[in-house]
Amino acid sequence: MVLSSVLGFPRIGANREVKKAVEAYWAGKLSVEELSKVAADVKKASWTSLQARNVDLIPSGDFSLYDHVLDHSAAFNVIPKRYTGLGLSALDVYFAMGRGRQADGVDVPACEMKKWFDSNYHYVVPELSEQTEFKLLYNKAVQEYNEAKAIGITTRPVILGPVSYLVLGKAAKEASPNFQPISLLSKILPIYKQLLEELKTAGVDSVQVDEPILVLDKAASLDKEYATAYAELSSVAPRIMLTTYFSRLDSNINFIAKLPIAGLHIDLCRAPNQLDDVLTAIKPKNIVLSLGVVSGRNIWKCDFNTAIKQGQKAINALGGDRVIVATSSSLLHTPVTLASEKKLTHQQKDWFSFALEKATEVATLAAILSGSQDPKIAAALEKNTASIAKRREFEHTSDDAVRKRVASITDDMYHRKNKFATRMDLQAKHLKLPRFPTTTIGSFPQTNEIRTARAKFGKKDISEAEYEDFIKKEIETVVRFQEKVGLDLLVHGEAERNDMVQYFGEQLNGFVFTQNAWVQSYGSRYVRPPIIVSDVSRSAPMTVRWSSYAQSLTEKPMKGMLTGPVTILNWSFPREDVSRKLQSQQLALALRDEVIDLEAAGISAIQVDEPAIREGLPLRRSDWDEYLQWAVDTFKLATAGVSDVTQTHSHFCYSDFDDIFPSIQRLDADVISIEFSKSDMKLLHTFQQYGYSNQIGPGVYDIHSPRVPSEEEITKRLDTTRAIIPAHLMFVNPDCGLKTRGWKETEASLANLVAAARKARESA
Ligand code: GLN
Ligand code: ZN
């Protein structure tokens with residue numbers, strides 16, 4: 001019999017209960033007991049609904065109040081010293097590590113967060129060193145297993161495996177210079193053994209051990225570590241289902257197949273072609289194969305017939321008892337249920353599956369593959385076949401004009417007319433910016449008034465005219481402030497934008513929006529990614545009226561502000577019937593028109609933000625070139641339509657350029673602004689070493705904190721920067737947009753920034 005399984009479930013609750021409760025706890029409005037009660041109820045609801053949907057292997061231990069990697073660190077005593085001895089409860093230490101704490105005389109910043117593989121989920125990075133003393137402070141997997149058991153539901157606990165846990169960590173400050181976290185493997189294994197032994201004692205039959213790093217190139221050199229770890233663990237653990245997701249195993253399957261594991265899970269949504277190799281490798285072993293055929297990363301309805309073919313192939317090779325049908329990864333990256341969507345059309349609803357609907361999908365597929373004679377199952381297959389056929393039909397009704405336009409893109413559309421050096425002279429004459437020109441990244445504080453006005457307009461409590469007036473006033477405030485403080489290249493402040501992707505998605509054809517499809521980004525922060533459902537095009541200018549209004553208020557040059565094609569794509573749920581490249585090209589053409597319209601409206605500097613270019617990198621390095629080729633090309637397609645006097649800008653919120661440097665140069669933006677205030681000089685040396693030739697604004701202060709940088713501090717930053725980057729190429733700007741900041745610190749910080757730039761000018 002083929003079993004069904006779900007690898008993990010969203011933690012937010014159908015009505016965002018957990019998010020709200022956690023935030024209320026932080027605000028001191030909810031007690032620990034009340035918070036635990038909300039969490040327990042949400043867990044119960046998830047387990048119950050998965051059981052009601054006939055899922056055989058239901059996860060437990062995957063719930064989290066903040067982040068599952070942080071849960072492991074807290075349980076393993078991987079708690080940096082700065083969080084202990086503050087008189088905080090264990091729960092408050094946990095939250096302090098996740099989000100920092102500034103109250104009652106305690107002031108500690110948060111631990112570093114990193115993107116979870118290629119998703120938009122962030123995990124809290126474990127800090128490890130030779131001094132780390134692993135201890136099992138509590139066993140969350142056992143606790144949740146028992147919680148579920150108490151309501152009569154047998155679950156399969158989920159833990160993050162030891163090799164992935166260590167590799168995802170980083171060397172703590174006190175570690176010796178060449179310290180590698182993986183060197184702690186022999187120290188952490190006894191803790192894992194204890195954890196797994198306790199699970200076995202609690203009656204657990206099989207445990208899901210996530211080892212997602214097995215899909216990365218670097219896992220190839222960890223074969224010995226894997227062999228050691230799993231030999232030790234399997235001797236005491238319940239049956240181990242080793243799970244991998246988000247990409248393919250490639251040659252790593254050779255050593256994985258030799259591990260003493262009961263099962264292996266592979267992602268067949270991201271990497272369907274790996275099935276044959278994996279089947280060949282595990283066939284002679286006694287390993288169960290869990291097929292990740294229902295996507296944990298996207299919201300499209302599963303195509304049953306494709307999944308059945310894959311399942312059948314696995315059954316033919318291994319027999320039905322050695323096959324499980326599963327979600328490709330945890331459903332953490334999908335919203336809870338389609339049932340909460342009241343505004344989608346019938347047709348649209350029929351295209352999608354959210355977490356609960358996906359649970360039904362795995363259960364139905366398992367029943368089909370087990371040869372179920374239940375007429376309900378036959379009906380479900382028929383219904384799915386019809387839905388998919390309808391979707392395919394819809395996909396064929398492509399927008400011919402858009403498709404033709406993409407097909408007729410010519411090479412010259414990717415290039416500016418002249419080389420950068422020529423453009424720089426022309427732009428200098430046109431924009432008349434001083435040396436060390438000052439500017440910002442785009443957004444200004446999104447105050448409560450702005451959010452309230454937007455909400456009122458959304459509910460039609462105020463008219464469009466009233467809302468427009470309100471936004472215009474906000475723009476005027478921002479412009480007047482920038483003039484007063486003495487910035488050189490102004491922005492309009494982005495008050496009209498709810499979000500840098502949603503704002504554009506809402507105005508472009510081809511997108512659909514949800515009301516409740518929240519997906520965790522980090523901690524209690526959730527986003528609602530738009531869904532690309534068909535060919536993308538622009539019916540009318542999107543930002544021109546705001547930018548030209550802002551320009552009409554001032555003699556100083558105004559910078560137009562757009563989100564780039566790769567970022568819009570990466571922060572949306574993409575289509576799966578056409579390539580990411582085609583979707584990005586369509587977005588680029590729409591943005592190209594916007595860029596050209598802005599120029600025609602008298603905007604002479606235009607910024608196209610691409611903060612997500614880096615996170616879109618495929619997990620396997622051999623796939624990078626292809627991605628970077630189209631990603632950079634589509635940025636160029638979006639921006640290269642303007643004349644040489646118009647200055648193009650781009651912005652990146654990270655400082656990790658080493659391995660993608662040639663692509664940053666190839667963007668050929670006239671000016672880039674990058675995160676820099678928290679980075680060391682190595683970053684600038686990279687730019688210098690490669691001979692980066694265009695203008696660059698390394699951020700002079702961190703906008704993630706309300707702290708005001710002093711003029712001296714900024715001057716110091718500028719001095720070290722100009723020792724490496726030629727002064728005539730430098731811009732002076734903060735690290736990122738100011739939307740999360742208050743006005744008070746914004747005013748003070750920018751005044752200091754301008755003063756420091758002026759000083760630099762005098763000494764140039
Ligand atoms: N222009 C955007 C802003 O200032 C850029 C945001 C970002 O880089 N994430 O808010
Ligand atoms: Zn940024």
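Each residue's number is its place along the chain shown, starting with 1.
Quick reminder: no glycine exception, Cβ is built from N, Cα and C everywhere.
L-methionine binds ILE441, GLY442, SER443, GLU494 as TrEMBL records it, and from the list ASP321, ASP609, ASP623 the residue named for this site is ASP609. The Zn(2+) site recorded in TrEMBL comprises HIS651, CYS653, CYS736 together with one of GLU675, GLU745, GLU747, namely GLU675.
Within TRP571, TRP624, TRP630, the residue that TrEMBL lists together with LYS19, ASN120 for binding 5-methyltetrahydropteroyltri-L-glutamate is TRP571. For the pair SER443 (L-methionine binding site) and LYS19 (5-methyltetrahydropteroyltri-L-glutamate binding site), the C-alpha distance works out to 26 angstrom. Most other Cβ atoms within 10 A: among the recorded positions LYS19, HIS651, HIS704, that distinction falls to HIS651. Rounded to the nearest whole angstrom, the C-alpha distance between ILE441 (L-methionine binding site) and CYS653 (Zn(2+) binding site) is 10.
Note on proximity: of the binding-site residues ASN120, TRP571, ASP609, CYS736, the one nearest HIS704 (active site, proton donor) is CYS736, by Cα distance.
With a cut-off of under 6 Å between the Cβ and any atom of ligand 2, the binding-site residues GLU494, TRP571, ASP609, CYS653, CYS736 reduce to CYS653, CYS736.
Nearest by CA distance to ASP609 (L-methionine binding site), out of the binding-site residues LYS19, ASN120, TRP571, HIS651, CYS653, is HIS651. In the vicinity of ligand 1, defined as a Cβ distance under 6 Å, the following of the recorded positions LYS19, ASN120, ILE441, TRP571, GLU675, HIS704 are placed: ILE441. Residue environment of GLU494 (L-methionine binding site) contains 24 other Cβ atoms, counted within 10 Å of its Cβ in all protein chains.
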